[in-house]
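Trainee: Okay, handing you the structure first.
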């Protein structure tokens, strides 16, 4: 079991690092397929050994950060990603898990459109706001650009309040036309329709977006309170009736064999479509069964995305470059002769670690096979031995850090080489980049290039130095005009007000993720109280394991860290928790902790208003009646939900009874 525990800890380290590089830095060091593989491994371990699953596990994260070109807006409910399946075995495991949980099941199969996920909000039947997915929690407001898409109705037939989600995409014909125009104008063409769609929707001038001829397929309703659907297929049919564009190639199947037949059909037919797809989405069709299965923090348990097999090409490995991460891990990266893979030109691919290089016998000068698992980030699959040059040599990682010259070490149980010098320049810079990221101190405008300049000009050596920067420090930097400097200084000043959990996460304490930072901040409230905490005390807290407890205490006992905190405090950086404590949330005694379903037409308020009020009282409002539903509030013309409530013996209230409870009568 000790070996399993060490592997879980290693997977946590790797996945957190890769997620940070990809979603926060926008500078991934590994291919998406490697991340998916490691995540898949961790999921399987956690399923087999539930005692090793923690609330800050990478399997509950949703990685990723919204761009800054448009206003950032929080989603009413998170836009979760889907779990991935890459082969028949993965799909059969998913099916078995579903049937073990809810018994007999019917699936809805839908094409996975290769575009940009969007969320559209309607109030009284009018389109009022459109957001990108962003990091799943916060998206970009691209309403004006979405209004230019003719497939999105600006007003629907009924005065409903809801949010509908889907995929904006560029049809292949529009893509070809756009790239022809760009080439004629001497501009760089887009690599693929997906990039073109994303770039078009991020145009600040909506007139330019309008010229791009985008379209959209809608695939889910976020809040079915005002809908009558009891299945995914019925929900899509209702969207059709309201005037929305849904994908008509969907198919309802009775079992996993039907799913496999659907995948086989579209694997061969995908080229005949007028738009790109990168897989198939499989969902449990019955909405009450979806409700029963629920969600992880990362994805719904009742759906999965099958990814089409990756395209493979051959190119030459020109060199191996090394990079050092925030935790000191040294990662080798293949420098490749540029080659087109799945629509984009690839010139770099991660080699992960020395063990993988030796296992695959990859050498500089080799002809290598490259693929994009998931059609996103490239990886080196293998060398082609019969093309190997006679003078090739086995590659060996250096013995000393390429940044600071300190001796590299391999910690027992790990495959990575690490630089353990706390003053290593590369690590310090990566730590600074982490500190200013959105989930940490969220200092908008302080990007990677500026941090490099500040460090190289000896203007910052640690995170506290950021708060001592002045206008005269910033103005001489490259591409830093007066307005940009003023905005950056305002962002730095604003970040001082961040709640304690953001500071804790930003400090980069080993093993301390976003969730655990929140737990510690809420429990201890101030940095002063955290300084007094003991390892044995931390271990008693749910979600804080032995390794994290030891890491936190060791970090906070360090005299250099205490000096750093004092330096931050001297610049009035907030050291207190500003959120609402879980224990302080009080709701209406008749509703708090209850699972409630609204159905039918209410006279005194809309169902949306009733839903919001109930949530404020601590109730959980769901769309489907299940055996776990506590109360069904039925208005006029209540349909199948009322019938199901009667079948289950669920408590049923009229609107009048609900209002009496509201008023305490």
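Each residue, glycine too, has its Cβ placed from N, Cα and C.
Features from Swiss-Prot:
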- 32, 33, 34, 35, 36, 81, 82, 110, 133, 167, 283, 307: NAD(+) binding site (BINDING)
- 112: active site, N6-AMP-lysine intermediate (ACT_SITE)
- 401, 404, 419, 424: Zn(2+) binding site (BINDING)
- 586-665: domain 'BRCT' (DOMAIN)
Trainee: Count up the helix, strand and coil residues in the domain 'BRCT' (586-665) according to DSSP, in that order.
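Mentor: Reading the DSSP string over the domain 'BRCT' (586-665) gives 27 helix, 18 strand, 35 coil.
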Trainee: Relative to the Cβ position of residue 404 (Zn(2+) binding site), how many further Cβ atoms are located within 10 Å?
Mentor: 15
Trainee: Quick one: average pLDDT across the domain 'BRCT' (586-665), no decimals.
Mentor: 80
Trainee: Can you tell me how far the Cα of residue 424 (Zn(2+) binding site) sits from the Cα of residue 36 (NAD(+) binding site), in Å?
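Mentor: If we compare the Cα positions of residue 424 (Zn(2+) binding site) and residue 36 (NAD(+) binding site), the gap is 30 Å.
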Trainee: Tell me the coarse DSSP state (helix, strand, coil) of residue 419 (Zn(2+) binding site).
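Mentor: DSSP call for residue 419 (Zn(2+) binding site): strand.
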Trainee: Per residue, counting other C-beta atoms within 10 angstroms of the C-beta, which of the binding-site residues 34, 36 reaches the highest number?
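Mentor: Highest number of other Cβ atoms within 10 Å: 34.
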Trainee: Could you find out if DSSP has residue 283 (NAD(+) binding site) as helix, strand or coil?
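Mentor: Once the DSSP labels are grouped into three classes, residue 283 (NAD(+) binding site) ends up as strand.
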Trainee: Check residue 34 (NAD(+) binding site) against DSSP and tell me helix, strand or coil, would you?
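Mentor: Note: residue 34 (NAD(+) binding site) is helical by DSSP.
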Trainee: Given the binding-site residues 34, 36, 82, 133, 283, find the one whose Cα is closest in space to the Cα of residue 401 (Zn(2+) binding site).
Mentor: 34
